[in-house]
Each structure stands twice: as C-alpha cells, then as structure tokens.
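Remarks on the structure that follows.
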Amino acid sequence: MLRGILSYWIFPIISGVVWLGTLLGLLCYWCVNEDYRHYSSMDPRQTIAYISDVGASTLKPLFIAGCCVTTVFLDLSFGADRWLRHKGRLVPNTTLTEKILSGMTIVFAIIGTCGLILLSIFDTARHSKLHNIFLLLFIAGYVISAIFICWEYQRLGMRYRDHRVLRISFWIKLVFVIVEIALAIAFASCSFTKNYNPAAVLEWTIAFIFSFYVFSFWIDLYPAVRTKGSGGYRGNKGMNEHAGQSMEEQGIAGSDRTLMGEGHGHHGYNQRNSYYSNNGGYGGSRPGTAPNQQSGLRGMALPNDF
C-alpha cells in the first residue's frame, strides 16, 4: 500500500521537516539550554541572537547538517518536478519558454543551495564577511528561483485552466516571493542601520516562512501518484487533440452566431444556411467528424492533475 502512495512528493516533506526541525532545535537550545546567552559574535547592544549566532556555537554540526539535507532534498524536488513534466506524469511543459523557465528555476535553486551550505560552514563568528555574502546568495538565489517558477506556473495555468493545483501553487509561491522580498528589504535596512534586535527577529521570520515554501512543493508533486504506472499526460495525447478540435468547433459555431446577430441581417442568415446545407443540414454532422465532437467542450475535460 505504501509503495503505491510514496512518490516524489516525499522530497519536499523531508526537506521542510528537516529545515523546520533545525530552526526549532537552534531556537529552543538558545532559549532553554543557553538561557538567552549573549554570544561573542553578537553586538554589545544586541539581546536577540541571529540564527547564525546560535549556529556558530555548540550546535554548528546540527546547523551544517540541517542546511545540507534541506537544500539537497529541495533541489531533488525541483528536479523531480522537471522530470515528471518531461515524462508526462504531470501536465507537461509544451513551449520552449516554459522549459527555459523551469531550467532557470533549477539553476537559481542550486545557487541558493550553495549559499545556504556555505554560510553554515563559514560562520558569522569566524568569517563574518564571507558569511554575509553567502547569506545574500542564499536569499537571492531562492527568491529569484521562486520568481521563475511562478512565471512557469502562470503560463501552465493559462493552458490547463481546469487544473486547480496549478493556480493554488502559483498563488502560494507568489505570496512567498512578495513577503520574502519585503522582509529581506526590511532585514537589510535594520542590519545596515544597526538595529540588530529587529533584524534578528526578521531573520528568524524569513527562515520559518521559507519552510512553508518548501512544503508547497508537495502540492506540485503529489498528483504524480495518480499517473503512476499509466501513460500520464503523454498517453492522453489523443484526448488533448480532441480538445483542440472541439475548440475549433466552438469557434466555427461562434462565427456563425456572429454572422446572424451582429448587423448582417438576411445576408448573414444566408451564409449560415448555406454552410449547414452543404454539410448535411442542421441535424447532420460535418464530414469526417465524430458525433461526440459536435458538442464542443461540454461533458469533456482534460485529465485532472490533482
């Protein structure tokens, strides 16, 4: 039973749980075990520790391990999304632009991965400048990656309008981008003006919100469970072609209605009557067209992705 349920969606779940566990472990350790200790890397006026302040102390091995596992499984989620769309297990990327956007999403996610792993190794207590550079790389990499995947999902959602999962995922990721950019600007402003306590609160907030972004990829990958062992969307190519033909039928009917109702009068009626009389009358069907194609899109839907 588990074999039929477990799939690529487990990658973002592992990533999100590890990241959330790492953050909670660091925060609880500083509050409970360290009793709000003032670390040497903190400013004399600072009373709230940054994540990196706690991560540079006794729990540095936990911080490094948590960052590595989180980013590796998150990158596997990006890769799985691209692979499943390529294989037709999820709604496929059908244009060059969508494939480029997907590729750029993965590239900037890898840049963010490098930033997070390196900032955990080059801690703020011993390598302050390098740590800040890698922090910027981490935030910028994943925010830009999220922008590209939002762009990709927006295009997919326009093509596959009956797939609610694409719209849901798009809006979740768009909210993440907007909120994280706003918080990152506020964090940078507080850091440069030496308001370290507000900056520390903002850093913890940004990190916790990032965990929900990671979990959102479960929404994207879980539908692949439904297409496991089947032809997926590649296997339903004929159905997609049928949808295209039905849309053409609707377009023809719409043109006929326009000819009748938009100021063409008797001339429009004659054109419509001529078309139908040449093709078997009002009760007939167009030559070479199956009866089920006459109804347009009614009663016909693409396979659900969720």
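Glycine residues also receive a Cβ, built from the backbone N, Cα and C atoms like all the rest.
In TrEMBL, the region 'Disordered' annotation falls on 280-306 of the listed ranges 37-63, 253-279, 280-306. Sequence-distant contacts of the transmembrane segment (62-80), counting only residues of its own chain at least 6 positions beyond either end whose CB sits under 8 Å from a CB of the stretch, comprise 8, 11-12, 14-16, 18-19, 21-22, 25-26, 54-56, 105-106, 109-110, 112-113, 116-117, 119-121, 145, 214, 217, 220-221. Summarised as a single figure, the pLDDT of the domain 'CWH43-like N-terminal' (8-223) averages 91.
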